[in-house]
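Student: Input: one structure, supplied below.
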Amino acid sequence: MPPAMEAPILEIKEWCHQLPSTDNWRKERGKFLIIRCYCPAGHRECQNGKCYGPEQSCNFVDDCGDNTDENECGGSCTFEKGWCGWQNSLAENFDWILGIGSHQSLRPPKDHTLGNEHGHFMYLEATPMGLRGDKAHFKSTRWQESSATCTMSFWYFISAKATGSIRILIKVYTIEESGLDILVWSEIGNKRTGWTYGHVSLSSNSPFKVAFEADLGGNEDIVIALDDISFTPECVSGGLTTMHPLLCGADQFACVYTLQCVPASGTCDGHEDCADGSDEIGCPLRPSPRLCGDMEFQCSAEQCIPSLLLCDGIADCHFNEDESSCANQSCLDGALVCPSSASCIPVHQRCDGFANCVDFHLDESSCSGTPVPLQYSLQ
């Protein structure tokens, strides 16, 4: 006999699965009940027979009770049973590979999980003549914004003498599905032998992804590997709380993507007070008197570039800030754009000892010959 209509869905499913496909009751009289053997439209079935909705997937909560809804989210993974939901970016020229250790290549001879040559890990491999200078992203699926602050730990390997870098980015998604990359950790070159431990704190009040970015630079063969990615219990149980908008004081700035209030006086001062750097987003270009000269622009990575390179259409700073706040204007006949006034400085006013553009003295930057004391034009 079939279960009653008000019976729990698991009981109904068990009955459905036991029925032969040729059973007359199922074929003729059970149509009104058979639809309850499946999850509602838009929902997916847990391994234990329960159902979960799209909003319950990858939210750090075991809604199924058997972790089905959190299994393929790019979470904790030893890579001994596959990718665990982590995936390559389809927009790049080469991919992270699931492999094992090797004594005949630059790959680590052993994995970190098992400590032997049969254990698995993810790795990238490039040669100077091949994919040098390219980037590859290894990313999680999209996590929900209800994620609590927690720690992600991992083990990484960079081959000896390599000059490439590995970085962790949090891709924070807005409602429109565009996003902001937030750098939370980076390592350049090989500083240790073997596997090295790394960890970062994660939190976001917007849906987000986590991505490992490898930049294969330098003139040597390079191998970068990852293993044993894990998340602390706060990510998956107990510590989970839905984040609410943070109310900041009148003299404070509310960070855009992280729950922080920072002093409003610190916005656009060249120093990131927010963990997501939003207090320095959309700021006018400004010089830094600390490290760079009067005719130089200081990048956020404490790199000085000639101010002549500002707004030339080429990103000279590592994070592109020399091109991020430029006027939407072009000048003819070789004239320079002065960013703050959006005016054009003609060629004959270049290197004449007269600062026509007060933005880092752009028109007097990279001039050869004997330095001339600068004069200023009020614009």
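Any Cβ shown, glycine's included, is placed from N, Cα and C.
Here the structure is a predicted model, which means the values were calculated and not measured.
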Student: Pick out which of Cys46, Cys51, Cys58, Cys84 TrEMBL lists as the disulfide partner of Cys73.
Tutor: Cys58
Student: For Cys317, which disulfide partner does TrEMBL record out of Cys292, Cys299, Cys338?
Tutor: Cys299
Student: Taking Cys268 as one end of a disulfide recorded in TrEMBL, give the other end from among Cys248, Cys255, Cys261, Cys283.
Tutor: Cys283
Student: Round to a whole number and give the Cα-to-Cα distance in Å for the pair Cys39 (disulfide bond) and Cys58 (disulfide bond).
Tutor: 18
Student: Taking only the Cα atoms, work out how far Cys64 (disulfide bond) lies from Cys304 (disulfide bond), in Å, as a whole number.
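Tutor: With distance taken Cα to Cα, Cys304 (disulfide bond) is 53 Å from Cys64 (disulfide bond).
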Student: Can you count the other CB atoms that lie within 10 A of the CB of Cys64 (disulfide bond)?
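Tutor: Taking all protein chains shown, Cys64 (disulfide bond) has 21 Cβ neighbours within 10 Å.
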Student: Determine, to the nearest whole angstrom, how far the Cα atom of Cys292 (disulfide bond) is from the Cα atom of Cys299 (disulfide bond).
Tutor: 9
Student: Between Cys268 (disulfide bond) and Cys317 (disulfide bond), how many Å separate their Cα atoms?
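Tutor: Counting only the Cα atoms, the answer is 17 Å.
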Student: Measuring Cα to Cα, how many Å separate Cys304 (disulfide bond) from Cys317 (disulfide bond)?
Tutor: 9
Student: Using DSSP and three states only, what is Cys268 (disulfide bond)?
Tutor: coil
